Amino acid sequence: MANVVVVGAQWGDEGKGKIVDWLSERADVIARFQGGHNAGHTLVIDGEVFKLHALPSGVVRGGKLSVIGNGVVLDPWHLVKEIATIRDQGVDISPETLMIAENTPLILPIHGELDRAREEAASSGTKIGTTGRGIGPAYEDKVGRRSVRVADLADRATLEAHVDRALQHHDPLRRGLGIDPIDRNALIDALTEIAPQILQYAAPVWKVLNEKRKAGKRILFEGAQGALLDIDFGTYPFVTSSNVIAGQAATGVGLGPNAIDYTLGIVKAYTTRVGEGPFPTELEDADGQRLGERGHEFGTTTGRKRRCGWFDAALVRQTCATSGVTGISLTKLDVLDGFETLKICVGYDLDGTRLDYLPTAADQQARCTPIYEEMPGWSDSTEGARSWADLPAAAIKYVRRVEELIQCPVALLSTSPEREDTILVTDPFAD
C-alpha cells in the first residue's frame, strides 16, 4: 500500500488542508510530522468550516487514526481548547482516534513570552514575522536537550527536573530582555493540571505506525507551512524553525525513509507569503490587490494579510527538487479567472547574471529580480470545475506550461475550497 507525504511547495497557505482532507478518505492514518500551532488549515465540509492548527486534518473524518508525531512541538493548552472547539462542531475525538507521540516536545508559556519579546526587541529589517506562539524557542529547547516532553508529564519528579533544566537557560535570557523571572511552581502546577488531558492520547507512535505499515495500512503524512520556510532550504533567516521538506515526514513520526512512496507538493496557481523576507514576484499594485481579494488571502492563524504575486516557477522547481515531489496539486486556479494577461517567473536576474534558482545568500535573494514569461488569461470561470472539459483552453495551457517549467506533473487540480471540486489526474495512493 502506498504512503503519501503532502508538503507545501511555496511559503505555506497553498491549500494543504483541503487536499489532505480529500486524500484522507483513502488513508487509514493521518500524521502531522513537524511544526506547531503557528500554521492553520481551513477545511470546508458540507458547507461547515473547520479551522485546525494543532490537530491533523484527518480528525474531521470518522474511522481514521490521527497522529501528532515527535517532529511537532505541541502547546498542550492550545490543543485542549482546539479539541473542545472541534468537538462542539460534532467531531468525535478520543484516544482511539487521536495519538500523540510520547517524545513530542511541549511549547510552554515561557516559549511564547520569549518569542514575542525577541520580536519586539528586533530592529527594523531584522524582524522575522513570527506568530509569537513560541514555536522557535520550543525547537531551540529540543535541540538544546532541555525540552519538557509529553512523557515527562507522567511523573512529577521527572517533570520538575526538566522544568528546572529549562529555567537555567531561560531565566538569564529573560533578564536580558527585561522579562520578569519565571514562577517555577506555577509553571509546574499548570503542567500537572493539564497532564491528564494530554497523557490520555500519549502513545509510542513510532511503534504504532511501524505496525500499521507492516499491516498494509495507508499512511498520509501531513506537512504544515511550506518548503520555502524550511529551516535549511527556505529563505533563511525568514523561515520557520523546523524542517518542512518531505524528508522530515519519516523522521517526524519514527519511520524509516523507505516509508514514503509518493510526495505530493501543494502549489498555489499564484504566490503568497505572510511575514517578512524576500518575495521576488510580489505585486504591490492593483493586480496584487486583486489576487488577495479574490483569493481571500488572510492567515488562518493570525488574520494577517498575505503578500501576493505571480507564480514563481523557478522557486517551485527548486522545492520540487528538495522535497523529491512526485506530482503536484495545483490549487486556487479559479482566482486567476478574469485576468487578461498572466505572468510566470522563469528565472532571476542577479546583477546582470541570469539564474534558474534562488541563491542561498539573503543579500543576493534581495537583489534578485524576476524574469517573466507572459501568457494569455481567460474570461470564463474555472470555479467548481471537476473535469478538464470544464476548463477554458487558456487555463489548460497555463497548467501545462506550469508543469513544463517546474518539471513535475499535475496530479490534482483544485478549483474551489470545496473538497469535491477537484480534478484527479493521478491518485497518489494508487499501488
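Placed from the backbone N, Cα and C atoms, the Cβ positions cover glycine too.
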Query = According to Swiss-Prot, Asp13, Glu14, Gly15, Lys16, Asn38, Ala39, Gly40, His41, Thr131, Arg145, Thr240, Arg304 bind IMP; which one of Gln168, Gln225, Gln289 is listed for that same site?
reply = Gln225
Task = Report, in whole Å, the straight Cα-to-Cα distance of Lys18 (GTP binding site) from Gly40 (IMP binding site).
result = 12
Ask   = How many whole Å apart are the CA atoms of His41 (active site, proton donor) and Gly15 (GTP binding site)?
value = 8
Query = How far is it from Leu333 (GTP binding site) to Asp13 (active site, proton acceptor), counting Cα to Cα, in Å?
reply = 14
Ask   = What recorded positions among Gly12, Asp13, Lys305 are found with a C-alpha within 10 angstroms of that of Gln225 (IMP binding site)?
value = Gly12, Asp13
Message = Please report the Cα separation of Thr131 (IMP binding site) and Lys305 (substrate binding site) in Å, rounded to an integer.
response = 13
